[in-house]
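Student: Below you will find the structure I want to go over with you.
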Amino acid sequence: MRSIAIFVLLFLSVSKTNAGVAVDENMNIADLVGTRQVTFDENGEFLFGDIIINEAEVSELGAVTFQRWTEGKIVYQFDASLTPRQQQIFVGACNAWTAGTPLTCVARTTQKNFVRVRTHNGERCGGPWISCSALGMQKGGQDLWIYKEHWNGYNTVIQHEIGHAIGLMHEHQRPDRDNYVLILEDNILPGEESQFSKSPYAVSGAQRLRLRLDHALSQLRVLEV
Ligand SMILES: [Zn+2]
């Protein structure tokens with residue numbers, strides 16, 4: 001995420017329309033699960049904005065799936081290069097998610113799955129002024145990259161990236177978002193258009209969502225026959 005301004009822009013640019021649209025013949029599979037037209041790099045990763053999508057997480061249905069953190073514990077481990085101040089900032093940002101939620105943030109001891117908190121100078125996440133994270137809990141260590149300048153007064157950016165590590169997706173970039181919101185493109189700041197592109201994948205971290213997706217796809221297949 002680039003800045004808080006994006007959040008403000010988002011709220012200005014998106015207005016709600018009627019929700020709860022039924023599946024019908026005017027919809028296609030791409031409206032639900034995305035185009036899936038992406039190129040994974042040699043590490044099997046694809047960067048969608050500030051979200052690292054791993055090819056292994058893409059299901060047969062075309063949804064990106066992820067695991068929830070075991071017992072709600074977000075396990076983190078700091079890269080050796082992080083200063084005590086940066087570590088303190090991260091813990092503060094992580095704890096912002098625990099207030100009023102069942103989540104807790106715990107430093108890694110022997111856990112197999114954990115977030116590896118790292119700093120980059122512009123060579124990761126698609127460039128400078130972008131921090132990025134993998135989505136949800138993954139097997140083994142997963143990277144959460146913080147751009148070096150984001151340690152200096154951009155705690156909300158760090159919170160945002162932890163949100164992705166929890167499994168949150170940009171709702172306004174869901175492949176089916178046009179069924180729910182209207183993007184007022186004239187209000188988008190020049191150069192920020194990509195912040196409003198649709199995800200090439202749907203995201204499913206909950207069984208309820210998976211069932212809904214399965215149901216919608218089965219209906220579409222019937223309609224296509
Ligand atoms: Zn993001």
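Cβ from N, Cα, C; glycine included.
Checked TrEMBL, it gives:
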| type | residues | note |
| --- | --- | --- |
| SIGNAL | 1-19 | signal peptide |
| DOMAIN | 62-225 | domain 'Peptidase M12A' |
| BINDING | HIS160, HIS164, HIS170 | Zn(2+) binding site |
| ACT_SITE | GLU161 | active site |
Student: Per DSSP, HIS170 (Zn(2+) binding site) is which: helix, strand or coil?
Tutor: coil
Student: Which of the three DSSP-derived classes (helix, strand, coil) applies to HIS164 (Zn(2+) binding site)?
Tutor: helix
Student: Around the C-beta of HIS164 (Zn(2+) binding site), how many further C-beta atoms are within 10 angstroms, looking at every protein chain?
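Tutor: Around the Cβ of HIS164 (Zn(2+) binding site), 23 other Cβ atoms lie within 10 Å.
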